[in-house]
């Protein structure tokens, strides 16, 4: 494996190139400041806001729930500090995966610049989607979402969350916020930035919406479903870069993508359109976190439906482009045998090809001309 030679001239401190080359180390130092702040009593109160989850409530043990009391969490303005800290952690993890995994594979495969950037994007996203799917599935199983689907809308508002649930949403927001500085760190092309901003903005809009409107149960199920389909796409693209004949993963992804959009719409309509619409408490109450009113329900369903329609439109365009490229690349060349007839006209037609196309017999070889002259 070739070792990259480090340039003798180091860029000036705090210059553009210096920040790009050492951004992971700089961010690590900033994160370390918050962790060191926990060690001193004067700064511990401020540092703990960034590092640990805030707004916990301890519920006493009941007769149904034996033995121990439980700690639940709700959201507040201090969550922004926690999201900021874990955004720094996401930048560090991103750099570790890039340097110790993706860069090593890139040096072995010798990708072009276009494939290099797409491979890095799929490598980072496939790792994140896989981790989020496993984590989200664990929460779904531990909190009995699979055995009792009515928990999606029953006992709304779901303003109290378990530690795993709140930490999951904090991590999701932190990851997608970290994608903004990564556009600068990864030297994203100007023409690709608008597409990336729309992509990141849609994730933040829906995750933050589910978190703030106390629809965290529905949001978790939809995220796990969506992330699984996206993971399959990006892992298939990684295999495609190593072997361009690989198409099985894309075929499976195409089927699951459509099914995922249908399941998303069904679960959303079932939860918001029927479950919450039949709930007894339908009054807007900010203090209790109750947003179960007609206007909010319509806005939630409209945003989900518009997003799914936008994704289907992008999917159809993507599939049409792939099929068009595949058909032009593998278009069969039909060869017709020239009809041998007497006279000069048939010989002239053979030289010019059949039906305007040049064939393998389009011109006599020197050997044939010699035989004819003899």
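FYI, residue positions are counted from 1 along the chain as it appears here.
A Cβ is built for glycine as well, from the same backbone N, Cα and C atoms used for every other residue.
Residues or ranges marked as compositional bias 'Polar residues' by Swiss-Prot: 352-363.
If you look up Swiss-Prot, you'll see 117-326 marked as domain 'TLC', on the strength of sequence analysis.
Taken from Swiss-Prot, the feature N-linked glycosylation site applies to 56. Cβ environment of residue 56 (N-linked glycosylation site): 71, 72, 73 lie under 8 Å away, each six or more residues apart in the same chain.
Positions annotated as phosphoserine by Swiss-Prot: 365.
The annotation region 'Disordered' is assigned in Swiss-Prot to 334-374.
According to Swiss-Prot, the topological domain 'Cytoplasmic' annotation covers 2-29 (among others).
According to Swiss-Prot, the topological domain 'Lumenal' annotation covers 51-76 (among others).
With DSSP classes pooled into helix, strand and coil, the tally for the topological domain 'Cytoplasmic' (98-121) is 21 helix, 0 strand, 3 coil. Summarising the annotation, Swiss-Prot assigns topological domain 'Cytoplasmic' to 98-121 (among others).
Annotation source Swiss-Prot lists topological domain 'Lumenal' at 143-159 (among others), citing similarity to another entry. Residues of the same chain lying 6 or more positions beyond the ends of the topological domain 'Lumenal' (143-159) and with a Cβ under 8 Å from any Cβ of it are 74, 165, 214-218, 220-221, 267, 270-272, 275-276, 279, 281, 288-292.
On the 0 to 100 pLDDT scale, the topological domain 'Cytoplasmic' (181-192) averages 92 in this prediction. Summarising the annotation, Swiss-Prot assigns topological domain 'Cytoplasmic' to 181-192 (among others) and lists similarity to another entry as the type of evidence.
Under 8 Å from some Cβ of the topological domain 'Lumenal' (214-217) lie the Cβ atoms of residues 145, 151-153, 156-159, 161, 165, 169, 271-272, 289-291, 300, all in the same chain and six or more residues away from its ends. As annotated by Swiss-Prot, topological domain 'Lumenal' applies to 214-217 (among others).
Positions annotated as topological domain 'Cytoplasmic' by Swiss-Prot: 239-251 (among others). Counting same-chain residues at least six beyond the ends of the topological domain 'Cytoplasmic' (239-251), those with a Cβ under 8 angstroms from any Cβ of the stretch are 109, 111, 115, 118-119, 122, 232-233, 322.
Counting only same-chain residues 6+ beyond the ends of the topological domain 'Lumenal' (273-297), those with a CB under 8 A from a CB of the stretch are 74, 150, 152-154, 156-157, 159, 213-214. The feature topological domain 'Lumenal' is assigned by Swiss-Prot to 273-297 (among others).
For 319-374 (among others), the entry in Swiss-Prot reads topological domain 'Cytoplasmic'.
Per Swiss-Prot, the feature transmembrane segment maps to 30-50 (among others); the stated evidence is sequence analysis. Outside the transmembrane segment (30-50) by six or more residues, the chain places 78, 81-82, 84-85, 88-89, 92 with a CB less than 8 A from a CB of the stretch.
Residues or ranges marked as transmembrane segment by Swiss-Prot: 77-97 (among others).
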At a threshold of under 8 Å on Cβ distances, which of 160-180, 193-213, 218-238, 298-318 pairs most often with the transmembrane segment (122-142)?
218-238
Could you give me three numbers for the topological domain 'Cytoplasmic' (239-251), the DSSP helix, strand and coil residue counts?
8 helix, 0 strand, 5 coil
With CB pairs under 8 Å as the measure, which of the listed stretches 77-97, 218-238, 298-318 comes out on top against the transmembrane segment (160-180)?
77-97
What parts of the chain pack near the transmembrane segment (218-238), using Cβ distances under 8 Å and only residues at least 6 beyond its ends?
118-119, 121-123, 125-126, 129-130, 132-133, 136-137, 139-140, 145, 152-153, 165, 168-169, 172, 206-207, 209-211, 246, 248-250, 252-253, 256-257, 260, 263-264, 267-268, 271-272
Residues in the topological domain 'Lumenal' (273-297) grouped by DSSP into helix, strand and remaining coil:
7 helix, 2 strand, 16 coil
I need to check the long-range neighbours of the topological domain 'Cytoplasmic' (181-192): which residues 6 or more away from its ends have a CB within less than 8 Å of a CB in the stretch?
20, 23, 91, 94, 117, 120
